[in-house]
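Feature list (source: TrEMBL):
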DOMAIN    92-331  domain 'AB hydrolase-1'
ACT_SITE  Ser172  active site, charge relay system
ACT_SITE  Asp300  active site, charge relay system
ACT_SITE  His329  active site, charge relay system
Amino acid sequence: MLDGGQRRYDPSLEVLGGGLDSYLPAFKTLNRPYDAFPVVGWNRHVETIFASFFRSVPDVRLRRECLRTKDDGAVALDWVSGDDRRLGADSPVLILLPGLTGGSEDSYVRHLLVRARSNGMRVVVFNSRGCADSPVTTAQFYSASFTEDLRQVVAHVSNRYPNANLYAVGWSLGANILVRYLGQESHACPLSGAVSLCNPFNLVIADEDFRKGFNIVYDKTLANALRKIFKKHILIFEDIGGEFNIPLAANAKSVREFDDGLTRVSFGFKSVDDYYSNSSSSDSIKHVCTPLLCIQAANDPIAPSRGIPREDIKENPNCLLIVTPKGGHLGWVSGPEAPRGAPWTDPVVMDFLEHLERGRPKVIASSSESDTVQLCTEGLRHLKCG
C-alpha cells in the first residue's frame, strides 16, 4: 500500500477498514515485515503454548478494589499501586479485559500494563467474576454475551476520574465482550477508543474449530480452568434447580459442556448453540461508533480468520483491522522483545491509543455530568476482598 511514494504498511500484513485513512498514520512499525520468531513462531500451536508458559511476567504491585454490582455480584479491579500519587487526575485511563478465565496475573496483560503505564496512562485490570480470585457472591459467573459488568465498571471509573479520557483493550473472550459493549452503547459510548485482540468474533465458527484436531487440547485446558473456578464456589449453586445441570458443569470435559450445564442457563439461552449464535461480537461491528482497532492472527487456532467480519469492518469508518500472517492465539512471538518479552502487538496498540489521545480534548466534567455518572453507578458499592 503506497502513499506519496512511501509504503504505509508491509504486504505481509492484511490491513483494512473504514478507518484506514484516519488511523493508519498513527503506526510507526507497520511498514516493517512481520517476522515470526524462528522455530517458535513457525507453528501456531507451538507459538500459542510457548507464549502461555514461557513469556516473562513483569513484576507489578497491584492494589485490588472489589465492587458490588447491581445484581449483588462482585468484580475485582486491580490498579497499579502508587499511580494516584504519580499521575494527574486527567491522565488517560486504560481498562484491560483478559481472556476466558484470565486475569491480572497473565503475562500478556502485565506486558501491556507496563507499557501503557510507562506512556503516562493509568491502568486498571477488570477481573471478571471468579477470575484471578475475584469473589463470586451470586449464582452467576460471566459470559460472552454479558456486558453489564463492564458497563458498570466503565461508569465507576468514569465517576472516579471525570476529567480523564477512557480507553479499553480486550483479549479473546474479553475482546468479544468489549466489542459487544461498544455496539450496544453505539453513539453513547463513554470510551474514547478501544482495541480488540484475538477476538473469536463468530462464536459458532469458533466452537466448530475448537472441537477439531489439536484444538481439543485447548478445549480441555480451558474446561479444566472453568471447573476449578466453579468448584471453589459450588455451594452457591447447590440448591439452584431449574435447567441448571450442576454435575455436568462440575465435571465438564469441554467448554461446550460447561456452557451447557451452567452458562447458557444463567443468561437465559435455550441451548448452547443459541448462546453462541446470539453472543457473537461479529454482529456488533456495524453499530460501533468508537474508534476501534482489531488485531488478529491469520493462523489463530481459537479465533478463526474466517470468522472475522471483514465487510462490516470495511464499511465502518470507526474501525481498522490488522491481520498478521502468524501469531497463534495470544502469541505474536515477534518483534524486538521476542521470544520472552512483550508480544508484537503491544507497540501497535500503544501507537493507536496515543494517536487517539493526542487528538482528543481533555474531558471537563460539569457538576450536572458528575451527577449523571453518580446516578449511573448507583448500586455499585465497595466490597471487601478476602
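Glycine is no exception: its Cβ is also placed from the backbone N, Cα and C atoms.
Each of the active-site residues Asp300, His329 was scored by other CB atoms within 10 A of its CB, and the lowest score goes to His329. Within 10 Å of the C-beta of Ser172 (active site, charge relay system) there are 26 other C-beta atoms, taking all protein chains into account.
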